[in-house]
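Chemist: Checked Swiss-Prot, it gives:
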{"type": "DOMAIN", "residues": "152-254", "note": "domain 'BACK'"}
{"type": "MOD_RES", "residues": "S10", "note": "phosphoserine"}
{"type": "MOD_RES", "residues": "T295", "note": "phosphothreonine"}
{"type": "MOD_RES", "residues": "T375", "note": "phosphothreonine"}
{"type": "MOD_RES", "residues": "S376", "note": "phosphoserine"}
{"type": "MOD_RES", "residues": "S433", "note": "phosphoserine"}
{"type": "REPEAT", "residues": "396-441", "note": "repeat 'Kelch 3'"}
{"type": "REPEAT", "residues": "442-490", "note": "repeat 'Kelch 4'"}
{"type": "REPEAT", "residues": "539-585", "note": "repeat 'Kelch 6'"}
Amino acid sequence: MDGESIKPSSQPLIQTGDDEKNQRTITVNPAHMGKAFKVMNELRSKQLLCDVMIVAEDVEIEAHRVVLAACSPYFCAMFTGDMSESKAKKIEIKDVDGQTLSKLIDYIYTAEIEVTEENVQVLLPAASLLQLMDVRQNCCDFLQSQLHPTNCLGIRAFADVHTCTDLLQQANAYAEQHFPEVMLGEEFLSLSLDQVCSLISSDKLTVSSEEKVFEAVISWINYEKETRLEHMAKLMEHVRLPLLPRDYLVQTVEEEALIKNNNTCKDFLIEAMKYHLLPLDQRLLIKNPRTKPRTPVSLPKVMIVVGGQAPKAIRSVECYDFEEDRWDQIAELPSRRCRAGVVFMAGHVYAVGGFNGSLRVRTVDVYDGVKDQWTSIASMQERRSTLGAAVLNDLLYAVGGFDGSTGLASVEAYSYKTNEWFFVAPMNTRRSSVGVGVVEGKLYAVGGYDGASRQCLSTVEQYNPATNEWTYVADMSTRRSGAGVGVLSGQLYATGGHDGPLVRKSVEVYDPGTNTWKQVADMNMCRRNAGVCAVNGLLYVVGGDDGSCNLASVEYYNPVTDKWTLLPTNMSTGRSYAGVAVIHKPL
């Protein structure tokens with residue numbers, strides 16, 4: 001074959017008929033880019049083919065221009081433009097610390113970045129500088145996931161400085177939606193005048209009562225009283241005093257020294273008092289910012305069911321999502337607990353006293369829904385199980401109960417501001433297995449068992465915090481111990497319970513205005529020692545027992561139709577003596 005050359009064939013290897021089109025295949029290897037970047041990172045670690053050194057502080061980082069330019073518009077502009085850095089072998093980056101820059105260049109090569117509480121505040125601005133927008137978004141997402149009443153205002157300020165528009169809106173909405181808890185924190189007290197005005201003037205502010213806004217203003221002024229006193233009138237302009245109850249205006253607002261000493265503020269108070277003197281139809285004709293009800297965005301809620309007997313005391317806590325009709329297990333209690341009092345106060349769920357399977361306890365655990373975590377706080381002064389618990393005027397009241405030997409008439413209150421318990425006036429009757437509720441600023445203790453007469457009780461007492469006195473109100477129509485007590489639309493409901501061996505399904509409701517009880521529709525099932533809560537105009541009764549077994553079912557009452565409906569989904573565990581609270585669904 002000497003002198004001959006190999007010529008390419010003019011015929012394709014695969015031939016098709018004349019009537020068929022030429023065929024071809026394009027393939028994309030999804031792993032190719034990842035492998036390529038992995039090799040480039042290995043070359044960088046060995047300082048092979050590197051053509052630039054990036055310097056920040058005392059940290060020097062070898063890299064490849066083409067890789068940096070491909071992933072960062074900042075570096076692309078630097079290396080392809082007319083700046084001196086386009087040809088420099090060593091480039092200093094200012095306004096970024098060396099460790100952060102190293103992490104970001106690692107990200108360019110590996111697509112991996114760790115965002116933490118410790119580094120997010122330096123990582124986000126550095127990612128913004130290098131125009132690594134995915135990292136910047138990761139930082140924003142992380143901060144959004146960390147929003148909490150104690151930090152949302154700080155995150156809002158950070159987002160504002162760095163023009164993170166979505167995060168700014170999310171943090172601001174969070175502050176509005178959790179205002180009763182936000183106002184208690186150092187961040188709120190450190191806000192500027194304009195920032196406070198902007199927050200409390202929002203129609204979206206979520207408060208159960210305008211009292212919270214008034215209290216927030218007083219707290220902010222008193223935090224630096226000498227320098228802030230002059231701003232009192234400007235702040236009170238945004239407090240919707242006409243929407244406050246008349247008793248609160250007279251007993252609290254009018255008696256506040258900061259109001260008494262300011263003529264403009266006194267004018268706002270007079271305006272509110274005049275508003276209350278008007279008939280309802282005339283009130284509706286008054287159009288000014290202080291008479292306009294706030295219209296907060298409705299936050300989704302979840303129901304927390306804490307501990308209970310199943311059949312022994314348990315640590316389990318379940319969470320019900322109303323929107324999704326789903327039960328989930330959340331963080332367990334630190335120790336077994338049943339027959340406890342459970343309430344929601346200042347953004348947290350409190351589990352108070354109870355029985356741990358062997359002893360009645362004084363201890364109190366607090367649940368943070370954002371962190372999904374329980375912590376312990378100051379213990380009560382007395383051991384109490386089968387107590388009643390309720391919140392009134394920012395105090396948690398522990399009412400009656402059983403200490404292991406006798407029923408209790410004593411009542412103590414807890415202030416989360418001081419982390420201290422103190423006794424208030426005792427009830428007239430010892431009551432264990434007592435139900436409690438708060439209506440129109442009064443605390444009610446309903447039924448129970450007195451231990452002395454060895455009978456279940458039909459009597460009801462009312463506590464007035466202004467006078468520190470308990471007085472009897474109208475009796476229920478029947479004796480009820482272990483009744484589930486809840487409040488809906490300003491009325492007090494007593495559900496189920498028992499009288500000796502007889503477990504009830506009957507329900508009656510108390511109207512404070514007329515001091516009368518009336519029967520409403522029976523529940524679907526007999527229940528005693530059930531948890532009760534009100535959500536979205538419905539009254540939920542959770543678990544309990546029917547005298548023979550613990551119940552996993554939940555039913556709710558609609559006062560419009562006077563009907564009870566069973567939830568389609570049961571708890572995973574039948575439990576009696578569980579506590580129930582409703583919280584905003586954590587983000």
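Along the chain as shown, residues are numbered 1 onward.
Keep in mind that glycine also has a Cβ here, set from the backbone N, Cα and C atoms.
How buried are the listed features, and what sits near them?
Modeler: When pLDDT is averaged over the domain 'BACK' (152-254), the result is 95.
The Cβ of T295 (phosphothreonine) lies under 8 Å from the Cβ of D203, K204, each of which sits 6+ residues away along the same chain. DSSP assigns T295 (phosphothreonine) to coil in the three-state reduction, outside any helix or strand.
T375 (phosphothreonine) carries a strand DSSP state (E or B).
The Cβ of S376 (phosphoserine) has 11 other Cβ atoms within 10 Å, all protein chains considered.
Secondary structure at S433 (phosphoserine), as computed by DSSP, is coil.
Counted with DSSP, the repeat 'Kelch 4' (442-490) comes out as 0 helix, 23 strand, 26 coil.
Using DSSP to sort the residues of the repeat 'Kelch 6' (539-585) gives these counts of helix, strand and coil: 0 helix, 22 strand, 25 coil.
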Chemist: When the number of other CB atoms within 10 A of each residue's CB is tallied over all shown chains, which of the modified residues T375, S433 has the maximum?
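Modeler: Max Cβ neighbours within 10 Å, all protein chains included: S433.
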Chemist: Expressed to the nearest Å, what is the distance separating S376 (phosphoserine) and S433 (phosphoserine) at their Cα atoms?
Modeler: 24
Chemist: Could you count the residues of the domain 'BACK' (152-254) that DSSP puts in helix, in strand and in coil?
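Modeler: Per DSSP, the residues of the domain 'BACK' (152-254) fall into 75 helix, 0 strand, 28 coil.
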Chemist: Rounded to the nearest angstrom, how far is the Cα of T375 (phosphothreonine) from the Cα of S433 (phosphoserine)?
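Modeler: So the alpha carbons of S433 (phosphoserine) and T375 (phosphothreonine) sit roughly 26 Å from each other.
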